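Engineer: Below are the structure tokens for one structure; questions will follow.
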Amino acid sequence: MIDPVAIQIGPFAIHWYALCIMTGLVLAVYLSSKEAPRKKMTSDDVIDFIIIAFPIAIIGARLYYVIFEWSYYSKHLNELLAIWNGGIAIYGGLITGAIVLFIYCYYKVLNPIRFLDIIAPGVMLAQAIGRWGNFINQEAYGRVVKALPYLPSFIQKQMFIDGHYRMPTFLFESVWNIIGFTIICYLRRQKKLLLEGEVLAFYLIWYGIGRFVIEGMRTDSLIFIGLRVSQIVSIVLIILGIVFVILRRRQKGIPYYQE
């Protein structure tokens, strides 16, 4: 088993989980900052937004998780803030971050759809990297399998949990997001192919499909009234993405992402 603590300095510990999240964040900020000037925004617009949104999104992600696991946390109040042990729900962070983004764009007089187009690929890459934090913490895994012979030994060992090998759903989602990131980075450079807003739509549809399928393989899903919460949210994202594309294509005067 891999030690979840990457660096220990006296009483202070830096966890792999945090390093994965921060690595993803740094890459997302870098990519989005490079893209912003191409869309008539500045890198400062992106950086200022991240400084505001990231801590709020982390709070939202934790709150989302705690709400749906309240039966546990109501009896373990001392663990409410223990995010280094995991328990950060991506959808909670995305929802909170989106709310902050629209407020931020309103006050900065920026086009929120264009802003979302700019940051969506970076967010997808950050999610791919962040899933490796789940791997280190031995969470977000799937059902029991007999063996994992097709994977490197370090993954096999880490996925041996409670006496059984577990399906590495974290890896499936990470790979899915990397593929999606690669595709959308290619598509958005093609002239007169995607309309503004369709980079965002691609993210919603691609991530929604992948998360819906992979969530069905997991054994630690958040459940509400007998349903997997993330699958419900995934369906909503897919529908929103498809409807958004249809409406944009019907509307006249929408510029292409790449003229």
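First residue shown is number 1, and so on along the chain.
Cβ atoms here come from the backbone N, Cα and C positions, even for glycine.
The shown structure was predicted, so the numbers you read here are calculated from the model rather than taken from an experiment.
Swiss-Prot feature annotations, pasted as is:
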type	residues	note
TRANSMEM	9-29	transmembrane segment
TRANSMEM	47-67	transmembrane segment
TRANSMEM	83-103	transmembrane segment
TRANSMEM	109-129	transmembrane segment
TRANSMEM	167-187	transmembrane segment
TRANSMEM	194-214	transmembrane segment
TRANSMEM	227-247	transmembrane segment
Engineer: With pairs 6 or more apart in sequence, are the transmembrane segment (83-103) and the transmembrane segment (9-29) linked by at least 3 Cβ pairs under 8 Å?
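Structural biologist: Contact between the transmembrane segment (9-29) and the transmembrane segment (83-103): present, because at least 3 Cβ pairs are under 8 Å.
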Engineer: Residue list, the transmembrane segment (9-29) vs rest of chain: Cβ under 8 Å, 6 or more residues beyond ends.
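Structural biologist: Residues 2, 46-47, 50, 54, 83-86, 88, 119, 122-123, 125-134, 136-137.
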Engineer: Which residues of the chain, 6 or more past the ends of the transmembrane segment (109-129), have a CB below 8 A from one of its CBs?
Structural biologist: 20-21, 23-25, 27-32, 35-36, 39-41, 45-46, 49, 90, 94, 98, 101-102, 173-175, 177-178, 180-181, 184-185, 188, 196-200, 202-203, 206-207, 257
